[in-house]
């Protein structure tokens, strides 16, 4: 009887050892569409804080195809600040969480305009893991001559593969449609797109696609075409640029954030306490107030916002989720 017990213990220990070895074997995880930091941390038996620490994440925002470290020690930022060289000429930098074009440009003694030119970017959106050219000459492959032609599909409609630097408004302008139509065709309820993503640009929405029509239902939304005169790197500077990117340009004369609700109302915008994708969250709290861009409205009532000069230095783009119970603390400019 004693021998059987010992054998059982040995067998159980062996199985546990194999399971532990298999779990430890996975050191990285490639993010899949729809995944969250919670789901990934739960899968590998680590805390969200540990997962964020391993990958130097400053928010819970992750992107499809992003490679995350799930075991080991945290990445050193000293190596990430050194650009890698390429046999084709020029140096490259891998975007880290919290980076912005201006921040990267200052690291390498160049301008954000030059980095945009080198990489064929036409907006300020970058994402962790993206490889950017920071010196050399612009590659001819950055021209979007081929990518601007949508592929056809036997199921009806045409499709476009998202390139680095694309936005929904930019894609819509290429194909003579609206960003709202593209959102409807693809069942999108926020403005997040990523390189390699396949978007339907013509045809009819599939039966399982969600509708994005609620993003601006019944709202007065004047559109301005002003130059951005807000102070670089401030919350107002970022929100002005994000609204321009989605084709809903705002005035450059609303001054400090604590004046935006009154100024927007005077310009004819709808102001209420209901967040929608693309709206501006505004508060008078603080000396100058604060504004944020609503990127996503979650099913639980919380919202994902992008902002500058809140939890990081001016010019650094950050994301955070505002809990549902705090959503009504803000006014929303539509």
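Every residue, even glycine, has its Cβ placed from backbone N, Cα and C.
Swiss-Prot lists region 'Disordered' at one of the ranges 11-30, 31-50, 51-70, 71-90, namely 71-90. Secondary structure of the domain 'Peptidase C51' (210-334) per DSSP, as helix, strand and coil residue counts: 30 helix, 29 strand, 66 coil. In this model, the domain 'Peptidase C51' (210-334) carries an average pLDDT of 87.
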